[in-house]
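Student: Pulled the feature table from TrEMBL, pasting it below:
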DOMAIN    5-94  domain 'CS'
TRANSMEM  150-170  transmembrane segment
TRANSMEM  190-207  transmembrane segment
TRANSMEM  214-235  transmembrane segment
TRANSMEM  241-261  transmembrane segment
TRANSMEM  281-304  transmembrane segment
TRANSMEM  324-343  transmembrane segment
Amino acid sequence: MENQVLTPHVYWAQRHRELYLRVELSDVQNPAISIAENVLHFKAQGHGAKGDNVYEFHLEFLDLVKPEPVYKLTQRQVNITVQKKVSQWWERLTKQEKRPLFLAPDFDRWLDESDAEMELRAKEEERLNKLRMESQGSPETLINLKKGYLFMYNLVQFLGFSWMFVNMTVRFFILGKESFYDTFHTIADMMYFCQMLAVVESINAAIGVTKSPVIPSVIQLFGRNFILFIIFGTMEEMQNKAVVFFVFYMWSTIEIFRYPYYMLCCIDMDWKVLTWLRYTVWIPLYPLGCLAEAVSVIQSIPVFNETGRFSFTLPYPMEIKVRFSFFLQVYLIMLFLGLYINFRHLYKQRRRHYGQKKKKIH
């Protein structure tokens, strides 16, 4: 008598791109699973509803599938995944309309078409987000790039201001007071470069690359560039004055401590001596620098009045001549207001940095 063919219980579910089959057989080893002519063939020794026997079944799919099934064995079942050739929703699993008795829906994985579409969209969005993250780089990579960029910026500024500081110091020791009067012609090109590059600092603060507040950064940038480009740059009479030396020397002295401090912050280093200098030298140097800038503005007022540069006459019927010196007098008030804002900001930074340490001691 011919042996009866035993079929296991098979449960199925689908997605738009895949079919999932769960074969209820335990302790299965080396099953024969293949797809030929769009028919799935399964044969395996295992423990099923009829005890420990050889079980097999054949399923002809409703539509075309890829002939490479993927399966995974567990102690209780065999999970088979089959890829559809065309991503679409099937109305049933098999080509024959009548469902085989051993086949049933897998309600643990079952989704209707609308739910499956939502799941498909979610997976696609997740895939696109992953690709976007890979193209943009990981957060750690972005942080390292930002640190590298800030380190190079601060290094360039440090080298520029160091060159000016050393140049003015050496020339003063060699030439004495005579070096005051040609400081502009010796230093101006480098100062122009560093101050134009300082625009990057305000942009970094504005777009969140650095945590520096925007207003103090913009005040310092505007104040220095006004002195450099308007007061000194446009008036040859001002370029030979001794005040140029003191303005440039104060600016350079402040920056040769500030920029290396920021460089070390980029590589997570803390040199206590440099940190103390960064949070301390500004106390005498900022007021002295502001005083030098004020002297340069006061000395330029008669020069602008004499030359009439940047002065203008209001249109008819007023016809009043507005001298540029009026704006310089307004600027003097703004200069000391800016000093107050920056001084207050730097004082808060110093108190925040060293005040916490004092609290820990007590």
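Using N, Cα and C of the backbone, Cβ positions are placed for all residues, glycine too.
Locate each feature and note its surroundings.
Tutor: Away from its own ends, the transmembrane segment (214-235) comes close to residues 184, 188, 191-192, 195, 198-199, 201-202, 205-206, 244, 247, 251, 293, 296-297, 300, 303-304, 307, 309-310, 331, 335, 338, 341-342, 345 of its chain (Cβ-Cβ under 8 Å, at least six residues beyond either end).
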Student: Short question: which residues 6 or more past the ends of the transmembrane segment (190-207) have a Cβ under 8 Å from it?
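Tutor: Distant contacts of the transmembrane segment (190-207): 150, 153, 156-157, 160-161, 163-164, 213-214, 217-218, 221, 224-225, 228, 233, 248, 251, 255.
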Student: May I have the DSSP-based helix, strand and coil counts for the residues of the domain 'CS' (5-94)?
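Tutor: Helix, strand and coil residues of the domain 'CS' (5-94) number 0 helix, 52 strand, 38 coil.
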Student: Restricting to the same chain and to residues at least six past its boundaries, which positions have a Cβ under 8 Å from a Cβ of the transmembrane segment (150-170)?
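Tutor: Residues packing against the transmembrane segment (150-170) from afar: 179, 183, 186-187, 190-191, 193-194, 197-198, 200-201, 204, 209-210, 245, 248-249, 251-253, 255-256, 259-260, 262-263, 266-267.
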